[in-house]
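Encoded as structure tokens, the structure appears first; notes follow it.
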Amino acid sequence: MTKVLYITAHPHDDKQSYSMAVGKAFIDTYKEVNPSHEIVNIDLYKENIPEIDVDVFSGWGKLQSGKGFEDLSSEEKAKVSRLSELCEQFIAADKYIFVTPLWNFSFPPVLKAYIDSVSVAGKSFKYTEQGPVGLLTDKKALHIQARGGIYSEGPAAEMEMGHRYLNIIMQFFGVPSFEGVFVEGHAAMPDKAQEIKENAIARAKDLASTF
Ligand SMILES: Cc1cc2nc3c(=O)[nH]c(=O)nc-3n(C[C@H](O)[C@H](O)[C@H](O)COP(=O)(O)O)c2cc1C
């Protein structure tokens with residue numbers, strides 16, 4: 001069965017957030033078109049997403065030095081096993097939909113913590129003599145992002161580091177298809193905000209029927 005991860009990095013819901021509204025339009029349409037697919041929402045603001053901290057490093061260090069899992073402290077056990085669970089869930093999925101706002105030219109920090117949990121040598125990529133090679137070559141990904149200004153063209157394009165970062169990570173993992181749906185410019189052009197949102201929702205619904 002096709003497994004889809006709907007990964008939302010927003011503290012608000014679709015009523016208050018443009019990206020979440022477009023994300024909801026996408027996933028609702030996707031569910032209608034693909035009723036048999038398994039869709040799991042990873043709400044990064046509600047899930048336990050451990051940061052790589054001193055417990056994680058010491059836990060990993062013990063395991064690498066040949067100690068058993070039972071030798072880890074309770075903090076080390078909890079964080080190391082949760083990170084591993086997130087990674088296994090990620091590599092077992094077929095499709096990823098990321099939903100984020102643009103905050104200070106990037107995405108909310110909890111998404112970086114999540115990416116750190118799934119970026120694991122031997123799982124999402126591997127090292128070879130020719131350099132690192134992605135292992136997720138049969139996946140598909142989409143990023144739905146709301147941003148107050150215009151970044152798809154013009155002078156600000158190179159300042160955008162959220163979508164561009166996800167693009168690089170997906171390439172690094174070997175994911176062959178990564179698309180974007182952007183709601184952009186509504187803060188810069190508030191009189192056009194409703195139209196901008198409706199256009200993005202229409203694009204998201206269109207894409208959902210073929211994604
Ligand atoms: C903390 C914060 C930082 C932001 N930084 C940017 C930015 O760098 N560039 C931009 O165009 N808009 C920025 N904005 C505006 C948001 O991108 C815009 O409101 C967008 O709609 C947020 O997504 P949302 O509607 O899903 O919450 C920022 C908003 C917040 C709250």
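Backbone N, Cα and C define each Cβ position, glycine as well.
These figures come from a predicted structure and were not determined experimentally.
According to TrEMBL, the feature domain 'Flavodoxin-like fold' maps to 2-205.
Other C-beta atoms found within 10 angstroms of the C-beta of Ser19 (FMN binding site) number 27, with every protein chain shown included. Taken from TrEMBL, the feature FMN binding site applies to Ser17, Tyr18, Ser19.
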Residues that sit under 8 angstroms from Tyr18 (FMN binding site) by C-beta distance, when 6+ apart in the chain: Pro101, Ala146, Val183, His186, Lys197, Ala200
Chain-internal residues near Ser17 (FMN binding site), provided their CB is under 8 angstroms and they sit 6+ positions away: His10, Pro101, Ala146
FMN site shell beyond Ser17, Tyr18, Ser19, criterion: Cβ within 8 Å of Cβ centroid: His10, His12, Asp14, Gln16, Met20, Ala21, Val22, Gly23, Val99, Pro101, Ala146, Val183
Model confidence over the domain 'Flavodoxin-like fold' (2-205), averaged pLDDT: 98
